[in-house]
Each structure stands twice: as structure tokens, then as C-alpha cells.
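Participant: Look at Swiss-Prot and you will find 70-75, 117-120, 153-162 tagged as FMN binding site. Summarising the annotation, Swiss-Prot assigns FAD binding site to Thr322, Ala356, 386-389, 404-406, Tyr410, 419-422, Tyr599. Per Swiss-Prot, NADP(+) binding site is recorded for Ser519, Arg520, Lys525, Ile526, Tyr527, Val528, Gln529, Asp561. Residues or ranges marked as domain 'Flavodoxin-like' by Swiss-Prot on the basis of sequence analysis: 64-202. Residues or ranges marked as domain 'FAD-binding FR-type' by Swiss-Prot on the basis of sequence analysis: 234-448.
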Amino acid sequence: MTTPAPLTGLLPLNPEQLARLQAATTDLTPEQLAWVSGYFWGVLNPRSGAVAVTPVPERKMPRVTLISASQTGNARRVAEALRDDLLAANLNVTLVNAGDYKFKQIASEKLLVIVTSTQGEGEPPEEAVALHKFLFSKKAPKLENTAFAVFSLGDTSYEFFCQSGKDFDSKLAELGGERLLDRVDADVEYQAAASEWRARVVDVLKSRAPVAAPSQSVATGAVNDIHTSPYTKDAPLIATLSVNQKITGRNSEKDVRHIEIDLGDSGLRYQPGDALGVWYQNDPALVKELVELLWLKGDEPVTVDGKTLPLAEALEWHFELTVNTANIVENYATLTRSESLLPLVGDKAQLQHYAATTPIVDMVRFSPAQLDAQALIDLLRPLTPRLYSIASAQAEVESEVHITVGVVRYDIEGRARAGGASSFLADRVEEEGEVRVFIEHNDNFRLPANPETPVIMIGPGTGIAPFRSFMQQRAAEGVEGKNWLFFGNPHFTEDFLYQVEWQRYVKEGVLSRIDLAWSRDQKEKIYVQDKLREQGAELWRWINDGAHIYVCGDARRMAADVEKALLEVIAEFGGMDLESADEYLSELRVERRYQRDVY
């Protein structure tokens, strides 16, 4: 459970002032913070004449530096809960987002705790990429005086489960750090593991660190600490789906929907760059198929989080059915003694491949068995919400939120299958129907504070979504900064998402440049990374003029290919080798001039 962030209306500072104050005090020791506090007290309470001050005996209190490296918000919530636990224990703690951490100070850390998620092919979350690169570079310092602990969040449906946490843990040890605790790797259902780990961290730190006076306990963080809303992941807003429009052509191989959701008078606020969390209901037809394959009826009572529910209801609302994992396959094979699946158990690569290509219902179809209802429930993972990059700005749409949804559809031996959340939004929620949503704030994907700063946006496919939000915001504010969009998809006539809007922005001068890559409209495939290389000289001029670069879309292939192209452009037109170009791009990332929202 996290402690609610302070209501901005009750703070004497505005968000920008609060952010500057936090940035200015991040690196201060407790003694320095105490001095600054006394200094400001003296400014507010001037006295005439000399005042004798009795010095307070200096007390050395090792500070616990707590780094949150989050992609979807889960790692941040765990870190915030640990911060609250440490403060309650009167321990001196500084909480900082990985993107705000000045990693060159890591050599001076005495007590370091990292809570991290993993994205893509085992990569660190975006806000931790620079720190990760630094630790794995030749510049990384020895850490013989640092004691550390790592909590890693992941998803066993991915091959490189918790790889980011494994990387940080092994590298900190390799650099000479002392493990306070063994690393914990947590799956999607991480809450219980996180709660136990937090208690252990508090215990071990209390045994090592002198207790700080409560008045000297300090917690700092990024600007997202000031976000507050009565609607959260665990208490979502029941909103109304008002528009469901297919925005790909009749002959397109893709089914992409423009979804508009009415937030009513909820007061729910978001910024360009944020994501919308959507809770969904599994397809009742899929539930019926799975239940019948296991020779069950659906009305069998099962226990879910201490409550008794009918099996069908539990499957529809509480468990993941459309994403299989290696753990589920292994457990099902062991439980049923399946002759076809047991040989996979000893082969990690084959097991992972099978899970990635065979939905749960088809695993049961191909390897039938009879399970009781509770055994089935115990086999599955809890349902989790899906996050979609927001494609609108409230400066234009007010009490609405828009998202761009690529509907997942495929066949398994002639049987139609679909993604859980995307098909729920596209096929099963009627217009004016209810949908449970919340805002996942993303302060690592924000427009420049200076409206005159040029912006380069790279977003193929549904990665276009946040840039629609960006342009709505910049158009509404009438900003003068230049905007350049790189977009790509298979076909111009079928897959040009929001075509009329982009053309209008070009005509109005809001969008300064647009480069389009259609991969299937000619013999040679052309992608956005090819357009980046083609426009390399002009791209470098924009970067030299202070442009911010944004990338959104597929993490597995596109993001890596785009980064490679950017490095080549920087090396060629910046007159440097690839290693120097990589350092240059890392500096842009640290300066928040290179931001990615990849998934």
C-alpha cells in the first residue's frame, strides 16, 4: 500500500517550484539539509545583533539511497512503499527516480537499494538506461564501501525474466559492493514478494544504520510524486466508451482502432506522454471453450483472494487467459503428466517458444486433461491491466481521453484468437458501455518545458499515439517550436493513421516536417530508420539546435533499429566514432533530450 502523494492544492509551492527544490536538494547530506533548513529559518526570522548559537554535535547517519527504475509504475509503487517503511522506522532515506539520479555520485553511496523492472529483450526501463550503461562502462567506479540490495520485477511470459535486476545485482557485486540481501525476482503477481522483501530490507538496515531523528528523515523524488487522484490501478474510474472507430483501410492487414473514452465529471487529469490503464473482461466464449475442454461446467466454486466465486466468473474477470508462460506450461505438464509437454520441461528454449506460440486454451486442446476447478485457478496468473499511450491532450479534448489500439488477431489451426484487452475494446464493449480506467503518469516522456524547443518524433504503427497528443498540446498553446514527425506502416492507402490530422497540422504550420516510410509499397522495404539515415544531415542540424528526440513503439525490433540509425547519424555528421556517438546519445538521455516510450 502506498502513501498518497501530497495534494498540489495544499502545497505552498507550484509543481515547477517543487521540482526545482527537489532537484537542488537531491545530493545534499543530512547535515547539509539541516544547515539549509536553519539558513532559511534565519532568513524568515531576522534578529538584530549577534546571536550566540550552540552547535549541535555532528552525528554521522548513513543515508539510504533508494533508486526507482520503473517502466509501467509497479517498481515505483514498490519503491514508494519501501520509502514509507524506512521513514516509519526513522531511517534516513532518499528516494530518487533512476532518470534523475546523478550516477557519478554512486561511488560515495554507503547504502544503496534499487527497485527495477525489465522491458523488451531484457533491457532496463527507459529511465534507468543511462545508469545501466554507466555501470557497465569503463567509467564505473569501485564500490567497496557500498552495501546494496536489489528487487527486480518482471514477467515470466518473457524470455529474459527480470534481466535488468539481474544485471544491476551482478554488476554492483562485481564492482565490489556488498549484498545486504539476495536479489528477489518477482513475477506479475509481485505484491506478496515485495511486502516480504520490504520488511527484510527495513530489518537489515535498522541493524546497520544509526537511527535518524524523525525531523532529519528526508525523502526526495521526481515530479511524479505530486500526482494525486482518487482513481488508481486498484480503484479505477468507471468511464464510458464513446467512440470506437477503425482507422485502417478495408484491405489492411492490421485492425487499428481509435478509441475515445468519456471521463465525465471525474476530474481525472493527464498530460501528453502519460498512459491509460485499461482493465478488461476476458471473452465469455473463450472462458466457455476452456471450461468445456477440461470437462467442467463453470459453476464450480473456487477461491480467489479469500472470496468464493463461480469458476466462469473468476476466469472472466480475474485471471489471464490470452498470454501463456513457460511456468504455466511446465506446471500444467507436471500436474497432468502430459506425454507431449513433459519433454519440453527440460529444454528452456523450447518451453519458452511453446508458451509464446500456444495460447492456454490451445495448450489444453492439444494436451487434454481433467483438472478440478481450483487446480485450474491455481495454475493461472492474475489478470493485469493493459497500458496504452494516450493519443490526446486535455487542452483540446477536455474530459475525454483517446487511445490508439492495435487489435491482436491470429489463427491457431483455423481457430480465431485475439488479444484480451484489444479485442475487449474493439469487439465487446458497445458504444456508451462501461470501461474501467486509470492514468499511469510517465514523467520520462514529456514535451520540453521551453515551447520554442524543436521536437523530433519517431513513431511507426501505433507508436504514433503520443505524438497526436503532443501536437494537440502544442497547437492549443500556439507554441513556436518546430516539430518533425517520422511515421511508418506497411501501406500508404491502408495504414496512414490519422492522415487528415497530420495533413492539417502541416498546412497550419504546426508540423514543420513529416517523413513517411511505407514498407510494402515498393519492392525494397523502407522503414523509419531508413528515413532517419536519409535525412541525417538535417537531423543533425536539429539536434545541434537543441531538439528533443522522442521514440514510441515496438521495443523488440523498431526501437533498437532506430537507435542504431541515430548513432550512425550522430557519428557521421558529428564527426565522431560510434563509441563517442553512444556517449553523446547517453548524454542526451540524461538531459531528457532523448526519451522513449517503448513496449
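Cβ from N, Cα, C; glycine included.
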Participant: Looking only at Ser519, Arg520, Lys525, Ile526, Tyr527, Val528, Gln529, Asp561, which the record lists for NADP(+), tell me the maximum pairwise CA distance in angstrom.
Facilitator: 18
Participant: Long-range neighbours only, meaning 6 or more apart in sequence with Cβ under 8 Å: which ones does Gly73 (FMN binding site) have?
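Facilitator: Long-range Cβ contacts: Lys233, Glu440, His441.
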Participant: So among Ser117, Asp155, Tyr158, Ile526, Val528, all listed as binding-site residues, which is physically nearest to Thr404 (FAD binding site)? Use the C-alpha atoms.
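Facilitator: So, spelling it out, the nearest of the binding-site residues is Val528.
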Participant: Can you tell which of the binding-site residues Tyr158, Ile526, Val528 lies nearest to Arg386 (FAD binding site) in space, using Cα positions?
Facilitator: Tyr158
Participant: Whole-number Å distance between the CA of Tyr158 (FMN binding site) and the CA of Tyr599 (FAD binding site)?
Facilitator: 12
Participant: According to DSSP, how is the domain 'Flavodoxin-like' (64-202) divided among helix, strand and coil residues?
Facilitator: 58 helix, 31 strand, 50 coil
Participant: Using DSSP reduced to three states, classify Gly406 (FAD binding site) as helix, strand or coil.
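Facilitator: DSSP call for Gly406 (FAD binding site): strand.
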Participant: Neighbour count, 10 Å Cβ-Cβ cut-off, for Arg386 (FAD binding site): what number do you get?
Facilitator: 21
Participant: Inside 10 Å of the Cβ of Ile526 (NADP(+) binding site), count up the other Cβ atoms and send me the figure.
Facilitator: 16
Participant: Does Ser117 (FMN binding site) have same-chain partners at least 6 apart in sequence with Cβ under 8 Å from its own Cβ, and which are they?
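Facilitator: When sequence neighbours closer than 6 are ignored, Ser117 (FMN binding site) has Ala69, Ser70, Gln71, Thr72, Asn74, Ala75, Pro125, Ser152, Leu153, Gly154, Ser164 within Cβ distance under 8 Å.
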Participant: Find the shortest Cα-Cα separation between Tyr388 (FAD binding site) and the binding-site residues Lys525, Ile526, Val528, and name the residue that gives it.
Facilitator: Val528
Participant: How many neighbouring Cβ atoms, not counting its own, are there within 10 Å of the Cβ of Tyr527 (NADP(+) binding site)?
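Facilitator: There are 19 of them.
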Participant: Return only the integer: C-alpha distance in Å from Phe161 (FMN binding site) to Arg520 (NADP(+) binding site).
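Facilitator: Here the two Cα atoms lie 34 Å apart.
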Participant: Any idea what the Cα distance is from Ile526 (NADP(+) binding site) over to Gly120 (FMN binding site), rounded to a whole Å?
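Facilitator: Checking the Cα atoms of Ile526 (NADP(+) binding site) and Gly120 (FMN binding site) gives a distance of 23 Å.
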Participant: So which binding-site residues out of Gly120, Asp155, Lys525 end up within 10 angstroms of Gly419 (FAD binding site), measuring C-alpha to C-alpha?
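Facilitator: Among Gly120, Asp155, Lys525, not one has a Cα sitting within 10 Å of that of Gly419 (FAD binding site).
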Participant: Can you tell me which of the binding-site residues Gly120, Asp155, Thr322, Gly406, Ala421 is spatially closest to Ser519 (NADP(+) binding site)? Compare CA atoms only.
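Facilitator: Closest candidate to Ser519 (NADP(+) binding site), judged by Cα separation, is Gly406.
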